[in-house]
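I have a structure I would like to understand better, so I am pasting it below and will then ask my questions one at a time.
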Amino acid sequence: MATQTLTLTAPAKLNLMLRILGRRADGYHELQTVFQLLDFGDSLVFRTSDDHQIHLHCPGVDVSPEQNLVYRAAALLRQASGNTALGAHISVEKRLPAGGGIGGGSSDAATTLLGLNQLWQCGFDLNALAELGRQLGADVPVFVRGHSAFAEGVGERLTTVSIEPRWYLVLTPACHVSTATLFSDPRLTRDSAAITLAALRDRRLNTHWLDTYAGNDFQPLVEDLYPEVRQAREWLAQHAKAFLTGTGACVFAGFESESAAQAVFNARPEGWEGFVAKGVDESLAHRQLAKFAATV
Ligand SMILES: C[C@](O)(CO)[C@H](O)COP(=O)(O)OP(=O)(O)OC[C@H]1O[C@@H](n2ccc(N)nc2=O)[C@H](O)[C@@H]1O
Ligand SMILES: Nc1ncnc2c1ncn2[C@@H]1O[C@H](COP(=O)(O)OP(=O)(O)OP(=O)(O)O)[C@@H](O)[C@H]1O
């Protein structure tokens, strides 16, 4: 196989609303959430390798290479393909903080499945890749499918939605929240009412819909445990409606224009980190993949 190079963006996501409906017998939680993809993310470069090994360069992630979700996704895909001779060099430039609730690790994993499925010519369709992704984490399938979505079940039942485009200011407080620890905290509220499908109507979520259903059941608990998250969200709330994403630590607010989001970002207290990005219905990785596939 000739050596090929493919560069993909692993986009961030925001949970524009998140309700926890209950806990299943296996400990996992039933929830409802809206995944908004952003036009900002990590950058992954894939190259085929003849030595049958998976080589990973991913500075800035606090786990061993073998535990890195990129490596695990590559190994899982290779195993599913049945071809142990496949090899790759993967280089990751992290822009999304780990444990931030913006899906950095999950998006990297999904993008690896998409990228290597193309380079290795495995021929899996999106359903098969999403099923593999599910084994790596609840948030991986939405990135595999690559479209903004309303999610139910444990996060795997996805309904594609179209979300009124907005610009988001995301603040990334410097603390790492463990998703598993939060889900197992006895203080977590687990009895929110479900949104009915009728509320989704034509599957177009406009600002009115988002204003009606916004909110995140993790927010009170996370803010009690991590005062810096409350501080960031309360600061942002002086300028616009502000919420926690996922299990945090990131908080965000939506704006009608890039300049409005940027103006608030520029006014943030010294030393605070974050970024401004546009909400998009379609993942950048899918667009890049389609372009690449058209050239080979
Ligand atoms: C909170 C969200 O970020 C919303 O997007 C996701 O539901 C979490 O997705 P994720 O980070 O991919 O989570 P996973 O890596 O699959 O699971 C981490 C841990 O969170 C708990 N977990 C996760 C998802 C879910 N619906 N119920 C759970 O109870 C489980 O204890 C699990 O061991
Ligand atoms: N490539 C990777 N990038 C980031 N984190 C990784 C990666 N591989 C493994 N991890 C581990 O996975 C954990 C969770 O990563 P991730 O960024 O997906 O969580 P998150 O930001 O809380 O998002 P969410 O819970 O919304 O999926 C991190 O704490 C990190 O130790």
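Any Cβ shown, glycine's included, is placed from N, Cα and C.
OK, TrEMBL features for this one:
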- K13: active site (ACT_SITE)
- 68-146: domain 'GHMP kinase N-terminal' (DOMAIN)
- P97, A98, G99, G100, G101, I102, G103, G104, G105, S106, S107: ATP binding site (BINDING)
- D139: active site (ACT_SITE)
- 209-272: domain 'GHMP kinase C-terminal' (DOMAIN)
To see if you understand the setup: which same-chain residues, six or more apart in sequence, place their Cβ under 8 Å from that of G105 (ATP binding site)?
V61, L69, A98, G137
Could you tell me which of these binding-site residues, P97, G101, G103, has the fewest other Cβ atoms within 10 Å of its Cβ?
P97
Compile a sequence-ordered list of residues in the same chain as S107 (ATP binding site), six or more apart from it, whose Cβ lies below 8 A from its Cβ; state 'none' when nothing qualifies.
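In sequence order, A10, P11, A12, K13, G41, D42, L96, D139, F143 meet the Cβ cut-off.
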Applying the rule Cβ within 8 Å of the centroid of the Cβ atoms of P97, A98, G99, G100, G101, I102, G103, G104, G105, S106, S107, what extra residues of the same chain belong around the ATP site?
A12, L96, G246
Just to confirm my parser: what is the rounded mean pLDDT across the domain 'GHMP kinase C-terminal' (209-272)?
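Reported value for the domain 'GHMP kinase C-terminal' (209-272) is a mean pLDDT of 97.
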Look up G99 (ATP binding site) in the DSSP assignment and report helix, strand or coil.
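DSSP assigns G99 (ATP binding site) to coil.
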Please count the residues of the domain 'GHMP kinase N-terminal' (68-146) that DSSP assigns to helix (H, G, I), strand (E, B) and coil.
44 helix, 6 strand, 29 coil
Would you mind sorting out which binding-site residues among P97, G99, G105 put a C-beta under 6 angstroms from ligand 1?
none
